[in-house]
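Record features (TrEMBL):
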ACT_SITE  292  active site, proton donor
DOMAIN    12-221  domain 'Orn/DAP/Arg decarboxylase 2 N-terminal'
MOD_RES   35  N6-(pyridoxal phosphate)lysine
């Protein structure tokens, strides 16, 4: 008995998140981080494919600070000018591959309040900013602004304030674009937005001439997707010294489900909140993925006993899951089903017709991004880029 796992994606949730962003952070233009979920009924991870659905090159930022030379040349050929850097060697590559690029200098900031820290790998220290800007000027490269990233799942708005304050002095170099990064949780934007807005008003007021953007990914898609796993095998084993009554012997139940660490769970830290449909007793359990690898162990958890053929639903599973999946051992990747209410569907179709008209007349500056309803699985490409969402 083996049923293919599947996702259900709620596109209404994505639209609602975008509306909330516009309300809470009206000065910050969101550039969706494609790497987070490349199957959001909208995109492929290739620049050419994103552009083919109406996203113009000026709305794309190639947000990786260390890029292969061939990728820089490809971005240049596609008219994607905006990209980031954090070291002199990258500037030399950009000079050779895209001398007319519009650059953002990524600065390393304090990410100690985040669950996923990035500043050890990406970003220039404040002490090297001056020399990098000078080198860019010597190479006749156009540095438009600064970017930073406080790390993923940061829940402390003070971290954003501190970072905004730190990069403020860099703008004495006549820069005009500030990228405050990504990592925004889908559940705490209300709390975070107040501190961000206050810091922007203090250090980059509306009349400063500085445009502010961000790179949210999981904020839009995390809660929009639910993964359904099927229990296709099960066995009970005696587990020594772990019984609830202290007798030293208890039953542990092992479940084998249709996705695992080689699929959606490969880059996920799990914080289980079991919500059974009954009040049955819970047993110590192990949930295994389907592959031959003994490391394919999803989690140990106390939960009610399940039967072969039962389904486990994993909520809030739209971020960094779909792009991470492989077909190791020949197991199929999850199918994706997308749902949308008639109201949002009609809005989408109207926008789709607008984009088609814009593409046919080459009047691309007035085109907005539309969410196309697509349910197939897209291949992963080598580009790490973000694109501008419509206001």
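We number each residue from 1, going along the chain as drawn.
Cβ atoms here come from the backbone N, Cα and C positions, even for glycine.
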| query | Do you know the mean pLDDT across the domain 'Orn/DAP/Arg decarboxylase 2 N-terminal' (12-221)? | reply | 88
| request: Count the Cβ atoms, other than its own, that fall within 10 Å of the Cβ of residue 35 (N6-(pyridoxal phosphate)lysine), considering every protein chain shown. | output: 21
